[in-house]
Every structure is written in structure tokens, then in C-alpha cells.
């Protein structure tokens, strides 16, 4: 039987660490880290998500503020609010819940959030830093994926990892984090040919295709580790709906370890949001770690030797 | 015999297109696109590169300006110059030649260049846009690699591509461009195990390891396409030095096509710098293409369904 990677337990451990960091900042005389969540309109799913995020903040001692704006809020007003929050020293993280109403340019809005307070890690500056392995805020789900994976394989050096899905939200940032960890990374997607064979060679499969039960048992080699990012509601034979991932869970019991759905990647996402908020606060308070690595300091012109 | 991918000829074609775009802007009453190159200190190699870039500008009608600063220029003065160039409407591209003297923070300097004028494509905003497939300025060598590859395989959808090397300058941006082109991409590096076998499965190999003659004939399947980014000066048996790439050129004649060294990727790099300068000028003059694709507009909370 494959080991179950318990996302709920690992998320709880992360929350404890986050809470300890909050307590440390407060003990040092700082205000508690503050997260501001902006919700425009009344999308029911968004309301659920925002409520969960706010509630999770309380658990670890993060101050949360909610800005609920009517659906007809102008883009100008929303940008003005974000500008004000960017300047507010008591706000360390800003999260603008998507989707936004159609009359608002979502990309413009997300880019207007200061990269230092962008706890979702979606700002191009944070994406760029992730891509070059030079720090910045890492998006929550990819960060959670890496923590789960490292709980089973602490050193990923030289491991063959297949990432299924190349979304900007999960697939690509996970691939970048895996390369930083010195894994050999293959990114596959809807146009990939021979996906079963490619998966069968992998030490690790990160399934983030959003395709329910795509990965079958015979795609998985003995002893592989599987992180299942997918989550889809599906009607079972008994007529009841249940949540399934991108992996046919029952068929992969010859794997070394696998994340369940639910209870795997899901619980990590909010825990990582809280961790990101505290990281942002620490950086803004001057406790941040030095930026990692180099990016283009030595940009060589070597491929130009032949240009004459 | 493998076809030789003639980088010099393809670079010339690109230069012609670039020149036509310059002429078009001038005919429309604009000033010619302007590139400013900053050189700090007297590194002999840098002087050669800068001279080539300036000379290449002339060929296509780009106005070039050179700022030569003494090696003891303060960081403050350099940043002030860049600030002034960022604001100068006659300057469309800014290139600060690296390496910079040790007392200057290279990363800070490169990030101070406005992303719109960052013709090297090194600013985190441009790296982030490349990573999310949403436009921006693409670094010169990766752009050249893609052009050479597409000259042989116009549609890369579903092709298995192995990239050797995960540098921020070549490997990672090339991988992102390949994913945008719907290829299946494996990024390998110094810690990869079984590299010969991995390469042998590839339809395309992009060798950017900086390891002379790393890729042997038996690593390459019949009919593969090889782009060789490496370039190293090596002493031959006759005592004379010659330039070699990352691929053992004589052994890969069963490939479909291969770039030579020299005369492959090298000539593309400056041609792409000129093309980037004209692209930057067009964007700044309001002729730019709309930004491509979406990035995080639909950022889902779906993996959070299970967080309760």
C-alpha cells in the first residue's frame, strides 16, 4: 500500500510555524502581520473562499481586513484602493479575489499590487524572481506542492519529475521550483504524445492537468511519488457526488506515496497564503532573508563570439 | 548528412526585416529607433562586444549612442544615468554591458532599466511575462534559438524537446518559449542522471550546457534536430585553437539538421538585439502588438475546496 501524504497534518505544522513567527514579531514590539482581502461583487464561491482565508488568519494571529466592494465598482476606484493599501504600513499582504467583474482589467489590477505585498505571488516581478531562482513570493499552491513532496523526498537532486499541466498557476511555477531543487523536469500537457510512457519513467509525478482520474495505475512505476493537484466534483455510482483528483487513486497503491483528494494539496494552499503573509511582513519589517542567488549578473556574450 | 542550419543567413534575413521596420517608422515621420549602450570600465572583451553591437545598429538604421564610463564610476552616478535614459523619449533601448565593476550591484542596475527599454529581456517583469506567455521582451539568445528551430520545424506542437542546461540566460527562457509553442519539454542539467538515454528519445535537442562536445553521436536519434548554443575555444591536435560547441558535430550526421559552431546560434544573438530594439521602439511609439494571452485572470481557488 502506498503511504498517504497527509496534507492536513503538514498544513497544521506549517500553521504552527507561522503562528510562532507572528508571536515572535509581536513580542519584538511590532504589530501583527496584516492581510487585506478585496472582494468585488457577490460571487458565491468567492465569498466562501474569502471567508475561509479570513478565518484562517485568525487561527495564526494575522490581522485580517476585508474590503467588500459592489459589483459595479469602477476600475479607477479599485486601483485607488490598492494604491492606498500599497502605501499603508499596517498592510503587509494584499489579496484581490478573482474573478473580477468583466468591466475590470484583472491583469492590470493584479499588477498594481506592490510586489512586496503580493501574497498570491502573481505579480510579474515575483513570477520573474521565481523563474530565475532569486527569491520573491512563491504562489501558494506550488509552494504547497513542494512542501508535500519534500516531506517524502527531502533531496530531489537528479530525480526525474514529470509535471502534467503547464498552467501559470501551478504547472510552470512548480517546474521552476523543481529545477531550483536540482530535479530533472519534464513538463507535459494536452499536446504531449505518449504521456503514459513518459510518466512511467518518472520518480515523481505532479498531476495538475485538471483532468479527473487521468493518471492510471499502469502510468506509474513502482515506488514513485505522486502529488495530485487536481480536484473535480464527480457523480459516483451511488448517485452521490464526490471529489476526485487527476489520479486514479485506487490504482496507484504500488506507488511509494500519494496525496489524497481531498486532504492533500488543498489544505496546503491557505496555509501557504498565511506563511506568505508573514514572510511579506517580515521582509517589510526588515527581517527578510537576503535575496537568493544571482540572475543575470554574469550574462555572457559568449554565444556572440561568432557574430563577426 | 544532416542539414546545416545556417545561422548567418537566417540572421541576415532577420536584419532585413528589422531594417524594413526601421524604414517604415522613419517614413511615418518618427525618429529612427535608438539604442543606448553603457560600458563601465575597460574590459577588453566587453569593448569588442559593444563595438559589434554599435556596428550592427548602423547596418539596419538604428541610431546608437555609447556611454563609456570610467571603472570607478559610482553606482549612484550609473543609476542616475539610467534614470535619465529611462525618461529620454529618443532612447528606445538601453543595454548595460556586463560584467560591471565589483563595487556596483549588477542586479540592482539591470532592474533599474525600464522594462519597456530592457532590450536584453533580463528585467524581472520581462522574465515574468515570458514565463507566463504574455509577451514582453524576450532575451536575444533564446529568441534566436527558437527562430533557428522553427526554420526546420515550423510547428513544434507535441514534439519531445530536451534542453540541456538550466541557466537563466538560455535554458530556462528557451524552455518557456518551447512550452508556449506546445512542445513537451524536459530540462536537464549537471545533476541529471541518464542524460544520454533522455536525449536519445528527443525529437529536438537544445544543447546549452557550456560543456564542449558533451553530446555524442549515440545520444541523438535518427532524424532529430539539434540546436547547439555552446561555444568554447579548444586546442586542436594541430596545436591551433578552434571553436567547438556542446555537440560533437562530426558524430551527429544522422540528425535531420544541426546548427554549426560558429555560424549557428551566435549570429542570431545580435540580430535579435536589433529586432528587440525595434520592437521596443514600436511599442513606445504606440505600434505595439496587444499583450498576448492571459496570466492569472482566472486564478482558481479550486485546490482550496478541501481546506475546510
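Each Cβ is built from the backbone N, Cα and C atoms, and glycine gets one as well.
When the candidates B:153, B:190 are compared with the NADP(+) site entry in TrEMBL, which names B:165, B:166, B:167, B:231, the shared residue is B:190.
The most crowded of the binding-site residues listed here (B:190, B:231) is B:231, judged by how many other CB atoms sit within 10 Å of its own CB. Using DSSP to sort the residues of the domain 'Tetrahydrofolate dehydrogenase/cyclohydrolase catalytic' (B:5-120) gives these counts of helix, strand and coil: 61 helix, 19 strand, 36 coil. Counting every protein chain shown, the Cβ of residue B:166 (NADP(+) binding site) has 25 other Cβ atoms within 10 Å. When Cβ atoms from all protein chains are considered, those within 10 Å of residue B:167 (NADP(+) binding site) total 20, not counting its own. The maximal spread of the NADP(+) binding site, taken as the longest Cα to Cα distance among B:165, B:166, B:167, B:190, B:231, is 17 Å.
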